[in-house]
């Protein structure tokens, strides 16, 4: 029997956002650099297409994510890949309630999508294959490690418990001491401020170029590359700041501040070139 992951707009949101961002980055690199800068173009295209390929894989995986129960195993269908968990290899079934404090080691997550290897403070490391994970996750402790899933129908969990002869354990994350689960990045007001300032600077920069670049006939195309680099730096630093936060909050703040400063400098340079 096949079960869907929890309903989520996350895959569609990711598809739209990714299409816009990667389309602009690839166009921006080509538009900004002429044939005399072929080597620089190649150096910029390589990471752009590499990350785009990884993102496409994540999006395909998110849209196709399903869980299947057979007579012998639970199969996680994710894109062209199938992960089979034999019933005899499943040692524990844990129903996590409340907000988990997790961060990625190698994975991608945004609202409504989580795929990859994550560390869940107070629980351990797990391979996550889910959608809406903010309030509830099912963890399966197996001989091959910990797996996290988010089935829409809890009947999957009940049948899995029946087939494996395991009791469903319930853990409420709100009951775990802060010393064990750590401080969540979503509860850090200063981090949110830095994130929003980053976003505001980036939107301001993009809006400024959208208005003034077409109005300046002799504007150098290289200015568009500044916005491409600012966008790339924003996503790179946001992703890595989230990983760094649980080890060094100050380090994660510093990464966000770097993005703000660099985007601000690029905005000033563009203003000087287009307006002054």
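Numbers run from 1 along the shown chain.
Keep in mind that glycine also has a Cβ here, set from the backbone N, Cα and C atoms.
Copied from TrEMBL, the annotated features are:
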- 12-30: transmembrane segment (TRANSMEM)
- 42-65: transmembrane segment (TRANSMEM)
- 66-159: domain 'Bacterial Pleckstrin homology' (DOMAIN)
- 102-120: transmembrane segment (TRANSMEM)
- 193-213: transmembrane segment (TRANSMEM)
- 219-239: transmembrane segment (TRANSMEM)
- 251-272: transmembrane segment (TRANSMEM)
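Through the fold, the transmembrane segment (12-30) approaches residues 41, 44-45, 48-49, 51-52, 55-56, 58-59, 62-63, 110-113, 224-225, 227-228, 231-232, 235 of its own chain, all at least 6 residues removed from its boundaries and within a Cβ separation under 8 Å. Among 42-65, 193-213, 219-239, 251-272, 42-65 has the largest number of CB pairs under 8 A with the transmembrane segment (102-120). Remote same-chain partners of the transmembrane segment (193-213), defined as residues 6 or more beyond its termini with a Cβ less than 8 Å from a stretch Cβ, comprise 219, 223-224, 227, 230-231, 234, 237-238, 253, 256-257, 259-260, 263-264, 266-267, 270-271, 274-275.
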